[in-house]
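One structure is given below, encoded as structure tokens.
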Amino acid sequence: TMSAAEDAEWLRWVTKQFGSIAGEDKEINLEEFKTALQVKESFFAERFFALFDSDGSGTISLEELLKALSLLVHGNETDKLRFLFQVYDVDELSLLPIWALRRIGVLALTRRGARSPRAGSGSIDPDELRVVLRWCLRESAIALPEERLGDLTLALFEAADKDRSGSITFEELREELEGFPEVMENLTISAASWLKPPLPTERSRQPRYLTRAYWHNHRSKLAFLGGYAGLNLLLFALAALRHAGLGGWVVVARGCGQCLNFNCAFLAVLMLRRCLTWLRVTPIAKVLPLDQHVVFHQLVGYVVLALAAVHTGAHVANFSRLARQDGRHALAEYLLSAGKPQRAPFGSTALGSCSASPVPPAPCPQVFYWTHLSYISVWTLLILHGPNFWKWFAVPGCLFALEKVLGLAWRRAGGLRIVEVNLLPSKVTHLVIERPQFFHYKPGDYIYLNIPAIATYEWHPFTISSAPEQQETLWLHIRSLGQWTNRLYEYFQQPESPSPQPKPLSRSLRGKRCRCWAQVSTGLGETHRLCSIKCYIDGPYGTPTRRIFTSEHAVLIGAGIGITPFASILQSIMYRGRQGCVCPCSSEAEAAVSFQVDFIWINRDQKHFEWFISLLTKLEMEQAEQEPGGRFLEMHMYMTSALSKNDMKAIGLQMALDLLAAKEQRDSITGLRTRTQPGRPDWNKVFGKVAEEKRGKVQVFFCGSPALAKVIRAHCEHFGFRFFKENF
């Protein structure tokens with residue numbers, strides 16, 4: 001219920017919205033109504049429009065709109081259910097003009113007997129229900145065969161037709177809906193956001209970065225940043241004190257120079273991927289924020305850029321002062337003096353300006369690659385320019401060089417072969433690569449991949465989607481999002497080995513590519529090919545997901561192709577489960593009690609679920625064979641294009657899907673036992689349920705879009721959960 005003030009505000013809002021969409025005649029026609037309602041299909045727009053248009057004039061006036069909306073916003077459950085019943089009773093023609101009947105094709109339904117096309121039936125028969133459910137499926141972007149639609153119709157009709165009369169009355173529909181309390185709580189038209197005034201925004205009194213939860217969840221990162229800033233200030237102060245008598249500009253230049261010694265060497269430390277991967281299995285990983293090394297590398301790059309600019313500017317200002325005092329030498333003579341080279345700071349600036357993003361944009365990976373090779377010249381100039389830089393650079397420089405040599409040797413020692421390619425829905429390329437004999441990795445690790453047939457010098461990071469226990473091959477699932485990944489998909493899409501115009505980087509290998517492959521099968525939007533394409537890999541490198549098997553309660557959240565690292569983890573869980581233990585515990589009983597996994601997969605549409613359905617089906621089957629106390633994995637599927645259960649355009653469909661899933665023990669969308677939930681997750685409810693279970697310390701692992709990562713991170717901070725984001 002609304003207060004008088006809220007009711008007045010609602011009235012003003014609706015009047016304002018009406019004026020923004022109505023024509024010059026102050027009436028809303030069907031097309032304007034459909035645009036405002038934001039529906040995908042015309043069926044429901046026309047049904048709502050016909051019910052709102054009480055006088056059957058073909059337009060809606062402000063008075064008619066306010067009357068209908070008052071029922072939906074202020075009405076009780078019976079009023080809203082009556083409206084829903086009228087939507088589903090598609091031959092209740094006393095409310096529906098002839099023009100609307102012709103548009104939605106309902107006239108055919110009313111020509112079954114002597115019933116007049118303008119007479120209302122007051123009940124819903126199976127044919128009407130089937131028509132409505134078909135449009136519900138379209139509105140939710142769900143594609144099911146006609147046979148399955150018939151099963152859904154039968155399941156809902158049998159459940160609602162209590163007296164077996166062959167039709168559903170209003171009272172029967174209300175009785176059936178009472179079994180779905182989550183629907184009754186908020187019966188509305190969710191897509192019509194313009195019907196409700198915007199909620200007042202409540203600003204938090206305390207900034208997020210000053211909350212106790214934020215400092216607790218980011219303590220290692222904040223401690224590291226504090227130590228990093230403190231060390232830079234200390235180095236600057238010590239250098240400034242040593243040169244205090246040489247003038248202010250010299251003090252600034254020397255202080256920045258000392259900080260540059262440290263930061264330019266630290267840049268190399270942050271990109272020692274093999275060393276960092278090794279450190280992840282040591283106690284140091286609990287103290288240092290190793291998962292943030294790419295972000296810190298970017299931050300230090302900006303710091304080097306700023307220090308180099310200030311260092312150079314201070315020297316220029318000092319030389320300008322000396323030139324004015326001397327009077328015999330111009331500023332240019334000081335700047336070009338052999339004893340005062342200023343090349344290295346400018347080199348650092350050039351390198352830093354090309355490091356704005358830790359992952360290069362897809363259209364210009366070559367620019368990122370070639371500009372970052374300038375680190376060789378920058379470090380060389382720094383060794384020549386700074387007399388003490390070599391002391392800072394000796395250890396990290398040697399480790400960096402050793403990693404590069406090992407990587408180069410590993411990459412070129414022996415090329416591997418892509419033995420199978422599966423082109424999956426939504427332009428996902430599944431590569432099956434022969435696994436090297438001594439290649440050891442952990443679930444969730446990633447590698448760098450190079451395919452000379454696509455581009456000779458381009459290396460791209462991809463998460464390994466197969467389990468370490470799979471001995472013969474490695475799997476990669478690659479979504480086509482950029483230039484290189486699109487070329488990869490198109491390369492294998494051709495019925496024969498393609499011969500595209502050679503790219504500048506791959507022209508020399510034009511004749512070395514394998515020019516034949518065998519197509520195994522095509523179906524359900526997938527193409528399977530056997531092939532023998534040469535490739536190189538570099539890795540593996542560790543990620544935050546290595547912590548999963550040391551968690552007490554792990555929540556894995558994948559959005560779209562973000563399931564890739566978790567596919568490897570879930571497969572590894574399956575293999576370990578067959579061996580009797582899924583985590584490094586002292587006993588199987590302890591494993592069953594201490595290790596719990598909630599897997600949440602969010603997809604935009606139905607096709608995206610096809611990528612890993614076979615894996616998830618196997619996991620469900622193996623979990624079903626376990627005793628109730630030994631089941632440690634719960635799966636939750638969400639389809640964001642599907643309308644939520646409390647939307648009038650989807651209530652019948654979601655009820656039918658629930659009823660059929662309960663009857664068959666199988667979800668109609670994915671075929672899994674786990675019911676696919678419509679819409680987006682309610683994170684407060686999801687994490688609230690996890691917190692109530694009290695299975696131990698909760699750690700949340702996410703792979704997906706940065707925007708969603710921010711939302712989930714904020715909820716994790718609220719509940720006190722540890723949050724880790726996968727970068728690849």
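Every residue gets a Cβ built from N, Cα and C, even glycine.
The domain 'EF-hand' annotation in TrEMBL covers 40-75 (among others). Within the model, the domain 'EF-hand' (40-75) shows a mean pLDDT value of 77, rounded to a whole number.
Marked as domain 'EF-hand' by TrEMBL: 155-183 (among others).
According to TrEMBL, the feature domain 'FAD-binding FR-type' maps to 411-547.
Beyond the ends of the transmembrane segment (222-241), by six or more residues, the same chain brings 215, 251-252, 254-259, 261-263, 288-289, 296, 303 to within a C-beta distance below 8 angstroms of the stretch. Positions annotated as transmembrane segment by TrEMBL: 222-241 (among others).
Here TrEMBL flags 247-272 (among others) as transmembrane segment. Within the same chain, residues 231-232, 235-240, 293-294, 296-297, 300-301, 303-304, 307-308, 310-311, 314-315, 317-318, 321, 345, 348, 375, 378-379, 382, 386, 388-389, 391-393, 396-397, 399-400, 403 sit at least 6 positions outside the transmembrane segment (247-272) and bring their C-beta atoms closer than 8 Å to a C-beta of that stretch.
Annotation comment: TrEMBL describes 293-314 (among others) as transmembrane segment.
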Q: Report, as numbers and ranges, which residues of the same chain sit near the domain 'EF-hand' (155-183): CB under 8 Å and 6 or more residues beyond its ends.
A: 78, 81-82, 84-85, 88, 121-126, 129, 133, 645-646, 651-652, 654-656, 658-660, 663
Q) If you run through the domain 'EF-hand' (40-75) with DSSP, how many residues end up as helix, strand and coil? A) 24 helix, 1 strand, 11 coil
